[in-house]
């Protein structure tokens with residue numbers, strides 16, 4: 001029932017289509033079967049019958065002239081079905097009876113379900129002279145009496161009486177629902193797949209960043225190797241300092257020895273000079 005309610009809501013919001021007019025024509029024809037129409041006389045009424053339009057043409061003109069809303073037309077279909085259940089199966093009428101029945105149902109639907117509706121004189125004009133104002137007033141009173149002045153129509157009545165129009169919409173809704181379910185299922189599977197792979201990629205990216213942050217760009221040495229290298233540099237510096245000090249001491253010793261040699265040489269020269277001069 002929920003699916004039919006959705007379909008009914010869509011149908012009531014839709015414009016009047018040829019399918020709706022055909023549905024109304026078929027519904028009206030089932031109220032009084034055409035086999036029950038009397039044989040038309042061959043005298044003055046013949047002129048009247050020659051200009052009687054087909055029921056579908058008659059309904060199409062009324063829809064075009066009045067710009068009637070879809071809910072008003074569909075409610076008239078409910079009145080037609082109520083009238084069908086009330087009338088005896090062997091009910092007879094004139095060839096224009098089906099036109100009168102539909103027009104009376106449409107007038108009552110427009111007056112009962114709309115705040116404003118055309119007057120009966122306007123309805124007489126919409127029939128292109130097929131019916132007079134007196135005809136309109138008479139058929140309206142007769143229909144009210146047949147329906148016992150009960151013009152109420154509920155959702156269940158509409159769903160029951162409009163099945164031929166609701167079924168295609170219901171099937172379209174079911175197909176659309178299945179398509180949405182398949183799309184949602186595919187999107188859910190894609191999200192699950194992405195959720196299953198994204199954390200691994202993210203963790204690998206962070207691990208790579210941490211690895212690059214802790215390792216020197218210009219060297220592949222490990223931390224232990226770097227520490228050993230620093231110690232070797234310190235030892236090399238100490239050895240260099242010692243060597244420098246040794247060289248400095250050696251130079252100092254050489255300078256002292258050279259000075260001593262000079263002193264000794266000078267002392268030797270002085271003695272020689274003194275001996276030469278008899279000192």
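Every residue gets a Cβ built from N, Cα and C, even glycine.
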For the annotation region 'Required for degradation by DMA1' in Swiss-Prot, which listed range does it cover: 29-36, 37-44, 45-52?
29-36
As a test of the contact definition, list every same-chain residue at least 6 positions from residue 121 (ubiquitin cross-link) whose Cβ is closer than 8 Å to its Cβ.
133, 136
Provide the number of Cβ atoms within 10 Å of the Cβ of residue 82 (ubiquitin cross-link), excluding the reference atom itself.
21
Calculate the per-residue pLDDT averaged over the region 'Required for degradation by DMA1' (29-36) and state the result as an integer.
73
